[in-house]
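The next block holds one structure in the form of structure tokens; read it before the comments.
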Amino acid sequence: MANVIDGKAVAASVIEKVRAASSELEAAAGVKPGLAVIIVGDDPASHVYVSSKSRMAKECGFNSVQHTLPAETSQTDLLALVEQLNGDATVHGILVQLPLPDHLDADAVTQSIKPEKDVDGLHVINAGKLMTGDLKTGLISCTPAGAMLFVRQTHGADLSGLNAVVIGRSNLFGKPMGALLLAANATVTICHSRTKDLAEVCRRADILVAAVGRPEMVKKDWVKPGATIIDVGINRIPAPERGEGKTRLVGDVAFAECADVAGTITPVPGGVGPMTIAMLMANTVTAAFRANAQPEPSF
Ligand SMILES: Nc1nc(=O)c2c([nH]1)NC[C@@H]1CN(c3ccc(C(=O)N[C@@H](CCC(=O)O)C(=O)O)cc3)C=[N+]21
């Protein structure tokens, strides 16, 4: 049976560091880190995520502001709000919850956030810094940053000689994850829907990262014995065994069978999810330190 990573516990230790850094900044510069979260429309899942982000921000001692906008908000009004927050010195981090309603241009909104406040790490400046190997002065997308922390805990900072396979090539996760693994000297393969013999490619992985959004797609015979598996999928599926109309969360990995083969594995829930929120707080405190020219903490 694989070692199962306790994402909640690792996230709690990151949050503890963030909280300490936040009060240190307040003592040194009289400034509280400020996080502004924008949510448009009334998707219930998005509201759950956003309220847990706001709650965590308060726990970290941040100034947390939530902007809840109606589904019919115009692009112009949304851009105007981002512009206002860009210019607000009490706000160090801006997050626009995705997905946005269809009539809005999510990419234009993301690119309008000042790179220094882009705590999602999605601005081309931040993505470009990561791609070119500058891991110090930009902000790194929270989910890959969190996943990388698990990888580092298991394998150390230098992944020389290890094969890493990432399934999924999104800008939000797959591409930045690949860049982080490469920066740590892993030999990286990024797979996607057009990849031939996916199972066979996965079987070569010492580190297998799944981020495709297909419930329990990765099976036992895709896994190299002893491999580290990071499951980034969050899929809600029907769970009639729990009662009529009930659902449960599963990852992109068939957990029980893969845990028999892997060396280390992250669960869903309780793995990458809590770390994503912790790294968002870490990015916000980092942005606040930089804005106040203070030597920043490391996570
Ligand atoms: N601009 C933007 N940035 C994001 O980072 C972003 C976003 N938009 N839109 C939606 C996705 C999704 N996401 C999650 C964060 C935490 C959990 C999480 O903590 N999950 C818990 C379970 C929660 C539950 O029970 O539903 C867990 O895995 O243990 C899940 C999903 C961030 N996202």
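Here the Cβ of each residue, glycine as well, is placed from N, Cα and C on the backbone.
Note that TrEMBL annotation is computational and uncurated.
The feature NADP(+) binding site is assigned by TrEMBL to GLY168, ARG169, SER170, ILE234. Within the same chain, the residues at least 6 positions away from GLY168 (NADP(+) binding site) whose Cβ sits under 8 Å from its Cβ are GLY174, ILE190, CYS191, HIS192, VAL209, ALA210, ALA211, VAL212, GLY213, VAL232, listed in sequence order. A coil conformation is recorded for GLY168 (NADP(+) binding site) in the three-state DSSP classification, outside any helix or strand.
The domain 'Tetrahydrofolate dehydrogenase/cyclohydrolase catalytic' annotation in TrEMBL covers 5-120. Secondary structure by DSSP for the domain 'Tetrahydrofolate dehydrogenase/cyclohydrolase catalytic' (5-120): 61 helix, 19 strand, 36 coil.
Among the features that TrEMBL reports, domain 'Tetrahydrofolate dehydrogenase/cyclohydrolase NAD(P)-binding' is placed at 141-289.
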(request) Sort out the sequence-distant neighbours of ARG169 (NADP(+) binding site) for me: same chain, 6+ apart, CB within less than 8 Å of its CB, listed by position. (result) LYS175, GLY178, ILE190, CYS191, HIS192
(message) Measuring Cβ to any atom of ligand 1 with a strict under-6 Å cutoff, which of the binding-site residues ARG169, SER170, ILE234 qualify?
(response) ILE234
(request) Please determine which of the binding-site residues listed here (SER170, ILE234) has the lowest count of neighbouring CB atoms within 10 Å. (result) SER170
